[in-house]
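J.: Okay, handing you the structure first.
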Amino acid sequence: MITASHNKVNDNGVKIADPSGGMLTQEWEPFADAIANSPTPQHLVQLIDEFVKKENIRFDGARSAEILLGRDTRPSGESLLEAAKQGVYSIVGATATDMGILTTPQLHWMVRARNKGMKATELDYFEQLSSSFRCLVDLTPNQIKMNKTDDKLVVDGANGVGGEKLEVLKKMLNSMVIEVRNSGKEGGVLNEGVGADYVQKEKVVPQGFYLKDVGIRCASLDGDADRLVYFSVQSNNASNIDLVDGDKILSLFALFIKEQLSILKMEGDDHVDENYEARLGVVQTAYANGASTDYLKQLGLEVVFTPTGVKYLHEKAAEYDIGIYFEANGHGTILFSEVFLSWLDARNNELSSKSKGSEQQKAVLRLLAVSNLINQAVGDALSGLLLVEAILQYKGWSIHNWSELYHDLPSRQLKVKVVDRTAVVTANAETVVLRPPLIQEAINVEVAKYPRGRSFIRPSGTEDVIRVYAEASIQEAADSLANSVAKLADQFLGFGNSG
């Protein structure tokens, strides 16, 4: 996939989908890095030769390989796609298939579908999303249909590919009133003052949204449509928003899934003993707001943490029958195990013959519809948006009801320049510092000074800085805690600027 996601329009890059449809396997990352940084063509050929031998890859054309190529709307994408084709065709037995202009999650979905022997065109993607969405909406309890959720949804398309695709999708969803702004047709610039990354980080309205939008449910996609956040415009100031981020999307999904599993366990059918005890797991990173973690634990859910990075979240979520993960930035999805899906299918068949139309059967059908709607290859803003809309309809909730699930703890993030970021070694999903010694004890002393205090440091993955996260019961306390911990990081690791 040729895209630079939420970065500026002049940037471009590559995202690679594994045969599973997921991200590139971690074992191959060093090789990908080495290739990208290869100084000469000769060195590149040598690297490939060494890697082929190490991995025992047959290079004689005996096995064919098909590479699906996609790109977003960036002007540089066309020439880069041609270069990618040339690269693919230089490999004996490999063919390149140009899938056209796509969102990143669409390409991941196509690779997964193709390798499962399923239909994998863009139309198939749209049809699967729209039909499973309609199925979920049809299963909304009758009494809730009377209590209509605010009808209109306004979506910021980041002036990118997601806006284009949503325009196509909404034609297949007659029951939904969607207005797409910043679709790229109005002449706006990709990711400039628009998009999920901008809205989530700056906590302001994107371009094209005004005071007249107060009270309306709004959503924002990022540049390649793999992130999603919701927001509502505040009445007192058009630039202020009430942000509904990835943590709250995760909480909504987890609440809904838990409710369906609870219905499945209800007494009243003849086969309670055959109920499969599904393991539902919620996966977060240390950056998840503490209030969201508290809320999920109060629901009685199993919450686990991984180091920062979608690849770690996805891998952990795959260990459950149903694994849900999201980052606060709006990237995440729900994974269903094949074993659990097989059980749901069998349970549906059994209930069809014995208690068709029962609450248990409806719960089974809802879970099956969710598994078809949500993109199980990778986080997908379009499928995520439709699932949010279906659940809000199911519960009869406005965006305000959803936002009130819990109140975020105030937080602050800082960066500290250091001599060598690798001097920091962390454990427990980056929440505890093992090295340098004594710094963790010093952080603990600072954290203990503040009600609801929590703070951690971790090395940046890209630059020589240490990232500091702090949260507390009030903003002033979060700011003060972040500054105290930043000073500690500077004293232990930096240039001693803090005295």
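Any Cβ shown, glycine's included, is placed from N, Cα and C.
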J.: For the feature region 'Disordered' as recorded in TrEMBL, pick the matching range from 1-20, 21-40, 181-200, 441-460.
T.: 1-20
J.: Six or more residues beyond either end and a Cβ under 8 Å away: which residues meet both conditions relative to the region 'Disordered' (1-20)?
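T.: Answer is 32, 68-72, 74-77, 80-81, 84, 102, 104, 107-108, 111-112, 115, 158, 189-192, 195-198, 222-224, 226-227, 377-378.
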J.: Just checking the binding-site residues Ser5, Asp222, Asp224, Asp226: which sit within 10 A of Pro459 (substrate binding site), CA to CA?
T.: none
J.: Taking only the residues the record lists as binding substrate, namely Glu327, Ala328, Asn329, Arg458, Pro459, Ser460, Gly461, Thr462, Arg467, what is the largest Cα to Cα distance between any two of them, in Å to the nearest whole number?
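T.: Value for the max Cα separation, rounded to a whole number: 20 Å.
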J.: Please report the distance from the Cα of Ser5 (Mg(2+) binding site) to the Cα of Asn329 (substrate binding site), rounded to the nearest angstrom.
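T.: Cα of Ser5 (Mg(2+) binding site) to Cα of Asn329 (substrate binding site) measures 13 Å after rounding.
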J.: Cα distance, Asp222 (Mg(2+) binding site) to Asn329 (substrate binding site), nearest Å?
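T.: It is 10 Å, counting Cα to Cα.
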J.: Going by Cα-Cα distance, pick out whichever of the binding-site residues Glu327, Gly461, Arg467 is nearest to Asp222 (Mg(2+) binding site).
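T.: Smallest Cα separation from Asp222 (Mg(2+) binding site) among Glu327, Gly461, Arg467: Glu327.
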